[in-house]
């Protein structure tokens, strides 16, 4: 199970390594930063039908133990790349077998979902739909965050308090993280104005660093046609050329 969970994480990190179809809808993944569409079933509603794996993921789970046995010292990321390469070279006739299995299971899944929903009360159905919306928003935010990391967006500036916490947290004498944070917070309150001023200055310096890095980064985004990532205030001021 741990190996399987590791494989999921590597697949998400690698992006489109041969995964052409979304496990949820069977369609191609349109993201500009290719991330594997990982299926998740509803959990809090009880026995909600579980989505079937896509043809590629089914193939991967079959091949992973074989590759692991052949290459026991290889990293999981290397094994996943080998499996992806094997999938790309797989004859279309063999791929169609996996795709046919997926389509059959997807049809059965949709029928099971319909039957499941018929048993729900209006309030339960509303709760399930609310949960689905929240999960979609969470996933959208996660994909956006990963995209910005891949594009090298500068880290936001830290406050004086955050700088102090990062410096003092490990030295705090408490076994729990919550206890450490409480001690650091109390120590911050007891700092003299002069002592706090040093951290305030560091925060100002970090803000200057952030502003300079963001200006450069947004210019790069404008050059590559990603003006959607430029802050609105910058667009209005005309500091960034979108051409």
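Each residue, glycine too, has its Cβ placed from N, Cα and C.
What Swiss-Prot records as N6-succinyllysine, among 66, 96, 215, 235, is residue 66. Helix, strand and coil counts from DSSP across the DNA-binding region (154-218) read 48 helix, 0 strand, 17 coil. Each residue of the DNA-binding region (49-117) gets a DSSP state, and the totals for helix, strand and coil are 56 helix, 0 strand, 13 coil. Between the CA atoms of residue 66 (N6-succinyllysine) and residue 55 (phosphoserine) there is a gap of 18 Å, rounded to the nearest whole number. Mean pLDDT for the DNA-binding region (49-117) in this predicted model: 93. In the structure shown, the C-beta of 57 has more C-beta neighbours within 10 angstroms than that of any other entry among the recorded sites 57, 181. In sequence order, no residues are near residue 192 (phosphoserine), counting only same-chain partners six or more apart with C-beta under 8 A.
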